[in-house]
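S.K.: Quick one: the structure is below, and I'll ask about it shortly.
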């Protein structure tokens, strides 16, 4: 079995084309040649030739040549001749309706027999000169064989000059002919659907040759296509009838059991019978596989047979000169057998004699079995040759690229990768395959109780046969050794592609096609082996490829629209190119600069050969010079079959019948009457084709003349229409210019109007916004005014209630004082009570609440009625630190010595606080007021810090009472200080101005202001000089007064403006009310007048 590469070893250029399966089968056939180089290998080669390949490819003699080439690297020269002779003697099935000739003679296109220039023995001798050793390049050897076979191209069994021109350097199918030399009628057949409508004579021409060649093609193709190989890993289920048929050939293993060659059908009819009889038998009995149902196999075989029936007759004819059956039957007719042919047969007999001895030794261990069609295909050979053919043959079967291998009591030898057990079992050639013994039965489908009436199928309930399968693990797939085959075929092709410079090209396919013609280059062209690839042969002038400029002659076409063209047949490549549409994507490979391109040399030789053939055609068909052009290449050689307007009748007809290259081949000595009549018939058909085409061209010319006259009339009519349209266009253009100017002016007016409108809109929006703001402010002001009015009224009411309450309390306090004086009667107690009352009143004047005042009053009453010891807590409560802190904050660290005239400030000043503090100290030192004398108090008051206190203590009780009353009145006005400020400043009195100064902590200037009788109106007129005159020397005090005066002036101004606005609004409201009243009065007057008039009328 062939060793395969791992996926990691494959390059990105390895195509996933289905051809790999075909290559794999070919490699297996070649590998068996290496494993059994003598007998087994050669017989497997025989079977490999007949196996059906994918896409219509079949093994040809080139496969044998390549295998022989590989074998010669490790053989002796004397072995080379024998092997080549042996391989030369093998071929496909014969064509019964063709005249058979010896190997020295070759049938020409016209049916004449021409002697080969170089005989078979000469070719055999050429291989003796080949180099030995595996280091020599097999490609170089095949290249030399190809170059030598180019000179033998005139000895083809059937060819056309045009075809030879297109593929002269293609791989040679046989020893004397190339692959491109077949397929003339194939081209016509493929084009028959198109040519029927255009030129009926071409169809008739195609039918003539189909009638001549198709019977042999069908019979031979069926004979070849029914020969299969089973080479996979899955079991093959053959019916017992087939096994019996196979067993009947067991006696053929013995060379003595073969009948003599003269009994095997010498003439053509017997060969036809012997060939045709076993074919349907094998086709119907040997194709059931266990993994595939019988109906599927039959369906897969029928397309193969149908396709094989449609194969070109030329593809079969190429094997004709080398088929052994054809040779043995043609020998009686050829009266001049050459000595080279005799040498070939002797060499074959010697080789077969040695291999027959080997076979007899192998028969002890058993051998392979053979197919009936293989025995039928071996007709006409010598007895040892035929027995050798059956020595190591296999039965092969192909179905959709799936390969199966028959496993029985023996295994075929699959080369170095096989196991030792397989090699031992391969020697068992007498054992027969009995597949019925390798399956087990299981219970089938159960019987159905209710079968639907509409069912058209029936299920079998018979037991199900289960065949044993063998997994891939049974085979050794290690790649420990690399044999020579691993470096051939597809691997070599893709390796060659890797060395090319690849680039993508996209062409747009037009009505004339892609503008390129292709050619397949290589040695094994028919089987795909050692094929160089598909190359660009010519580039059509003016075509899509020439306009693009990237595709050049000798470039290799690697891919077309994602389909790989590496290692495919030329027929397949032409089909792919023909089926492309629209934008076609190519991957082109080109030789890198500096490399010697063998393809370029081959293509140049092909073009040169075409040139010579074209000259030959011109000589023989001088009357058709006008029709002989390059537009009608075949579908198998180039892609220009896509050209729609090509006349296939003329060009194709000429290309179908092509004459040989050399003039000496047409010597009258070698031409008989039948050949001349055949040639005359060809010329008649060509003449008929040409006449039909000429007649068709005449009719086309007449139609063109009529069309020309019609076009002239239309031209004059169109010119008149053009003139009229020009005049109308001029008028319309003038109208259009006028309309354009009018639109211009209208646009200008519109722009001006729009600008004015925008300006007015802006002004309107601004005015609207101002009106809304003003209305909102007016509403806010009215609301604020109402709120202020309500607040002032509430404050006045609260002050009034408070004043009344204070007056009531004053009266109560006076009554209490008189009561206390009557009780105590001493001056000291009076003075103490006076001090207490003054401090309590001072607290009231500084914002104490009514509750604190009541508390002080009750504490004073309790202190007078209780014992002296209980009076101490009262003095502690009077000497609170909160009072001291409040006094300090009110003064704000700006304490000044009071003047003696300021008697009013003696109690509220800091000195008064100090005196109170000393009095508290005296109380804390437990000095009782009763023991304190008036002299002590006077001495205490005589201290320099308390001048005001000493004066106040010296006063009489009546004077102190009057002072208390004055202080109560003054302090009662102090809560109303803010209320005084709220009044109009111009209305302030001198006392209110004094209070204002006291609120600013400027008590020292109160006496000057009161002395000068400064009222509110005068206060607003004061400036810096006047303030200095009033004794305000401190600049800070002046700045405070100026600031306050400025604020008052600003507030007065605002109030004045607000008053004016309010008066205006009131005036407006009054006017509105008056207007409404007037309107109402008018309405009432009208109503009264109307009622009066109505009453008067009544």
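Glycine is treated like the rest: Cβ placed from N, Cα and C.
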S.K.: So one of 17, 160, 338 should carry the feature phosphoserine according to Swiss-Prot; which one?
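M.R.: Going through 17, 160, 338 one by one, Swiss-Prot annotates 338 as phosphoserine.
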S.K.: Can you tell which of 61, 112, 840 Swiss-Prot marks as phosphoserine?
M.R.: 840
S.K.: From the ranges 523-570, 1051-1098, pick the one that Swiss-Prot records as region 'Disordered'.
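M.R.: Checked against Swiss-Prot: region 'Disordered' maps to 1051-1098.
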S.K.: Helix, strand, coil residue numbers for the compositional bias 'Basic and acidic residues' (1051-1078) per DSSP?
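M.R.: For that range the per-state counts are 28 helix, 0 strand, 0 coil.
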